[in-house]
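Student: Quick one: structure below, then a few questions.
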C-alpha cells in the first residue's frame, strides 16, 4: 500500500510472466515495522468486506423494500467483491514475505479493476435512477418494477465485463509487482490511464448531472411550498379527517430518497475524481509529483466502499429500522 524503496531485483519490480527473474524481498527495518506496514495494507479491504457484509444482512432484514433498493443491494455486492479480491494483495505478502505470492496479487489487481468499474457504474445508475424518480415520478412508478430493475442490473454487469475484460487480458503484460506495496499497471503507452480518463466523463458526468438535477427539483419544490405557505396564512391545509395533509408524491420521493442516494453518489465522486485527475495528469505530464508512486490513492478508492453503512444509518430511515429490529432480535 505504501511506497518504499525496496522492491524486486535491481529494477525494483518484476513482470507477471517473467518468473525466472524473481528474487528475495529483504526488509532491512525492524520486523515489527514490516508487520505494521502489511497490517495497514489489510485494513481497507477487510473494512470493506465487513461494512458491505453488514449492508447485505440489513438489506435482507429490510421488509417491503422499494424496487430501487435493489440497486443499493447490487452496489453492496460489488463492494464486497472488491474487498474480497483486493485483500489478496497484502495477504500474498504476509503469507510469504521473502517471495510474495504473485498470483494472489495479480488477481487482486485484475479482478479489483473489474469490481471497481462495476461499483462506479452502479453509483452512476443510482444517480440516474434517483433523478428519473423525481423528474418523471408517474412514469417511474409505473415502469420501475423489480423485474425491470433486475434486467438493468444484469445489463450493468454485462457492460462492465465488456469494458474491462479485454483490458485485463491486454494489460496483463505490464502488471508490475513490488515487495512492500500494491502492484501496479505500468504500461508505456499509458493505456490504463487512458482507460480511466475515457470512462471518467461518462460516469462522473452522470453522477454530477443527476445530482445537480435532483437538487434543482428539490429547490423548486421547496420554493413552491414556501410560496403556498405565504399565500395561505390563516387557513391550514388539512385532509378529510382533520389531520395535516401529506405532501404530494414527488415531495415524498425527494425527501425520502434524496439524501441517502446523494450521499452515496457523493462518496463515489470523492473516490473517483482523484483517480481521474491523477490519470489525466500522467497522460498530460503536468504535475510531476504525481508521476511516481500513487498507491496512496487507494485510500480514496476504498472510501466509497467503507462509507456506505454510515451513510445508510444517517439518511435511510428504513435501513435504521431494519438494523434496530435485527439488534433487538439478537439481544433477546
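Placement of Cβ uses the backbone N, Cα and C atoms for every residue, glycine included.
Marked as transmembrane segment by TrEMBL: 34-58, 70-95, 107-128, 149-171, 202-223, 253-274, 294-316.
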Student: Spell out yes or no: are there three or more C-beta pairs under 8 angstroms between the transmembrane segment (149-171) and the transmembrane segment (34-58), with each pair 6 or more apart in sequence?
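Tutor: Contact absent: fewer than 3 Cβ pairs fall under 8 Å.
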Student: Which sequence-distant residues neighbour the transmembrane segment (34-58)? Criterion: at least 6 residues beyond either end, Cβ under 8 Å.
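Tutor: 1-2, 4, 27, 72-73, 76-77, 79-80, 82-84, 86-87, 89-91, 93-94, 97, 180-182, 298-299, 302, 305-306, 308-309, 312, 319, 322-323, 326.
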